[in-house]
């Protein structure tokens, strides 16, 4: 295992690692070098697996999944409370005759067709970027900045609510057609805009990571998987997509499409505007931008040593973990209601090992296996090749053993009346 790269090798290593991360791969810059001797071969477990960049990759990705799942569950509970309040108001307004505004659904739920078409749509998007990146890079950079701003504002919102809670009464401020917003929402949006603007001017990896974290949390919180059937179809399709474009695209296009797309940094919009306005002599040339499609974690101890993980390797398994967390909470609430009527709880309820714990442990083992594989084969690995089996198969096995597989597969959140009644 190499101890690090010199100045002449770091740019090539960064380009290859960026390609691997955008391809949905887990990559470490050490795999791009050659071994220094037999003594170093015995140190790979500590020097590679336990490197700060690897540990950061694992911890941050798991924290983002857990946090995004809890945000999603909390939003669902808040929406349920608002729905109950709205129904209560509607009963009162039946007497007064006042209209009641319906509550809008905040979540986007994927169905079977979405799960089947998403890998195909991702492939088409990849080809569009492969053939037309030079002519559309301005559009890609601007759209990414706008979406990342909204996602980052969502990520920062709880912190902003905590900070300014003593200073505000929680009332919303009207902005006409734009809507009504609280002071905390305006504060979080202002911070997000500031962070994105600084990233555009500097291109710093830490700001890119912050934007990527916001995208992960927002996607996990707002996108829903309705059943285990849709989850299985989606993750299986994305696994095939990931493996194909990483390993087999070069046989069709004479080059690795994923690498070609991911190694192209986008021109900075500030520089493009400055050149069109003939301000090149006044405005300093801004750096090119690596779009936030990955999380980057440099090593603390080894200069030039870094690890990257594509956002898809966090978001897609995160959707599955968010689904099982919602099912755990739903099953717990149902068992509480049946216990109040005196009906014994279903089998498996009350177990310390929940479906979420099982899937999260599988995700950790999948990341660990991907890390080991990248070191053993000395090549970047598609992380979904390991994450999907390690998260999905234990979940299916546990659901089968607990007797929940049939229900989770089709209609997991349909309220079922208890068939057994308490005998008096």
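The backbone N, Cα and C atoms fix where each Cβ goes, glycine too.
Just so you know, TrEMBL annotations are computer predictions that nobody has curated.
Predicted, not measured: the structure shown is a model, and the values here were computed from it.
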Stated TrEMBL location of transmembrane segment, expressed as one of 78-99, 232-253, 254-275: 232-253
Transmembrane segment per TrEMBL - which of 33-51, 52-70: 52-70
Which of 115-133, 181-201, 207-225, 232-253, 353-371 contacts the transmembrane segment (306-325) most, counting Cβ pairs under 8 Å: 207-225
Surrounding residues of the transmembrane segment (353-371) on its own chain - C-beta under 8 Å, 6+ positions past either end: 26, 28, 48-49, 54, 57-58, 61-62, 65-66, 69, 317, 320-321, 324-325, 327-328, 381, 383, 385-395, 398-399
The transmembrane segment (139-160) touching the transmembrane segment (207-225) per 3+ Cβ pairs under 8 Å rule: yes
Cβ-Cβ under 8 Å with the transmembrane segment (181-201): same-chain residues at least 6 beyond its ends: 145, 148-150, 152-154, 156-157, 159-161, 163-165, 167-168, 170-173, 175, 207-208, 210-211, 214, 268-270, 286, 289
Positions on the same chain near the transmembrane segment (115-133), where near means CB under 8 A and six or more residues out: 140, 230-231, 233-234, 237-238, 240-241, 245, 253, 257-258, 260-261, 264
